[in-house]
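Asker: If you look up TrEMBL, you'll see 1-38 marked as region 'Disordered'. TrEMBL lists 19-28 with the feature compositional bias 'Low complexity'. Summarising the annotation, TrEMBL assigns transmembrane segment to 80-104, 125-146, 152-172, 179-198, 204-222, 249-268, 274-296, 316-337.
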Amino acid sequence: MGGPTLTRVVHHRRKDHGVASTDARPAADAPPSPPRRVATRTWRRTLGAYVALTKPRVIELLLVTTLPPMILAEGGLPSIWLMVATLIGGAAAAGSANVLNCYLDRDIDSVMGRTRRRPLVTGEITPRQALVFGSALGIGSIAWFALVVNPVAALLTLGAIAIYVVGYTMILKRRTSQNIVWGGAAGCMPVLIGWSAVTGGLDWAALVLFGVIFLWTPPHYWPLSMRFREDYATAGVPMLPVVAGERRVAAEMLAYAVAMVVCSLVLVPVAGMGWVYLGVAVVAGAWFVALCVRLYRMAVDPERRGLVSRGPAMKVFHASITYLTLLFAAVAVDPFLPW
């Protein structure tokens with residue numbers, strides 16, 4: 001009825017008084033985000049990229065194997081400061097090794113679907129920045145252990161970083177299918193570092209725990225390699241599942257799993273472990289071995305062989321983490337029990 005006419009009148013009156021019509025303002029004229037907000041988002045994104053390079057989930061698992069040996073070595077709870085200092089240094093050392101690994105493997109990561117979103121591949125972090133960051137973490141962690149904990153722990157930390165970065169990443173990873181077997185020794189070092197932080201040296205109990213993780217590494221990592229076999233093949237990394245059939249991989253996983261459980265039982269007489277640790281070692285070990293047996297049976301069955309690399313393999317992978325967590329929790333609890 002008279003709506004359009006009224007609108008034109010109001011519009012002309014606004015123009016006559018020099019007032020701009022808000023109804024006519026285009027969406028493109030909306031004010032931009034304040035510079036401070038943009039800077040905050042950028043800063044958070046960059047910080048997140050640096051944290052991602054350190055592989056926090058891997059660090060968490062490494063710290064799980066650091067604290068229980070400290071409690072066992074002490075025969076109780078060590079000083080809070082010593083535990084905190086050791087965990088800080090251990091996290092920095094593990095972060096350093098992981099960052100330098102990402103720096104050296106950025107060409108591989110760029111062609112693997114599982115790793116294409118890592119910060120060095122996406123360009124969020126430059127190679128130079130990663131190298132400086134990883135080196136700073138490594139030097140800082142070694143200095144931290146030397147000044148705050150003790151020289152033995154510092155020397156073992158240096159060895160752990162060197163084994164992972166030089167031994168595994170630079171030498172073994174692209175040359176042999178046994179890369180994670182020998183390179184996996186780096187993942188065993190937190191046990192020795194934690195033990196030496198308390199005692200200033202090493203003992204047979206620490207070496208047994210080292211052996212447990214050493215034997216645990218293949219049945220932990222090979223299932224993941226089975227799941228992402230095509231990725232590793234595309235990148236030219238000769239992981240065992242790439243160069244060998246599922247039957248052989250499953251058989252070797254089972255052999256390592258059995259040896260791991262036997263090694264875990266050796267700790268009972270060596271460290272005088274009680275019934276709680278023994279029970280966990282037997283039950284959790286039997287459960288994990290049973291999963292490896294199931295995987296092997298699937299691998300030798302022609303009708304089910306193609307299914308191994310999917311659900312069953314990843315089930316063993318996740319179970320390996322649960323097993324190690326339970327075992328080391330038992331190591332931590334045992335010294336507080338009278339039996």
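Using the three backbone atoms N, Cα and C, a Cβ is placed for every residue, glycine included.
Unlike curated entries, TrEMBL annotations are predicted automatically.
Describe the structural surroundings of these features, if you would.
Answerer: Here the transmembrane segment (179-198) has long-range neighbours at 62-63, 65-70, 72-74, 78, 82, 85-86, 89-90, 93-94, 97, 145, 149-150, 152-153, 156-157, 159-161, 163-164, 167-169, 172-173, 205-206, 209-211, 213-214, 217-218, 221-222, 225, 237-239, meaning same-chain residues at least 6 beyond its ends whose C-beta is under 8 angstroms from one of its own.
Same-chain residues lying 6+ beyond the ends of the transmembrane segment (316-337) with a Cβ under 8 Å from its Cβ atoms: 61, 64-65, 67-69, 71-72, 74-76, 209, 212-213, 216, 219-220, 223-224, 227, 253, 264, 267, 273-274, 276-277, 279-281, 284-285, 287-288, 291-292, 295.
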Asker: Which residues, given as numbers and ranges, are at least 6 beyond the ends of the transmembrane segment (152-172) yet have a Cβ under 8 Å from it?
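Answerer: For the transmembrane segment (152-172), the far contacts come to 86, 89-90, 93, 96-97, 100-101, 104-105, 138, 141-143, 145-146, 178-180, 182-187, 189-190, 192-193, 196-197, 200-202.
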Asker: May I ask you to check whether the transmembrane segment (125-146) and the transmembrane segment (80-104) make contact, with contact taken as at least three Cβ pairs under 8 Å and only pairs 6 or more apart in sequence counted?
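Answerer: Yes, these stretches are in contact.
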Asker: Any residues 6+ beyond the ends of the transmembrane segment (80-104) with a Cβ under 8 Å from its own?
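Answerer: For the transmembrane segment (80-104), the nonlocal Cβ contacts are 53-55, 58-59, 62-63, 66-67, 70, 118-120, 127, 130-131, 133-138, 140-142, 144-145, 148-149, 153, 157, 160-161, 164-165, 168-170, 186, 190, 193-194, 197-198.
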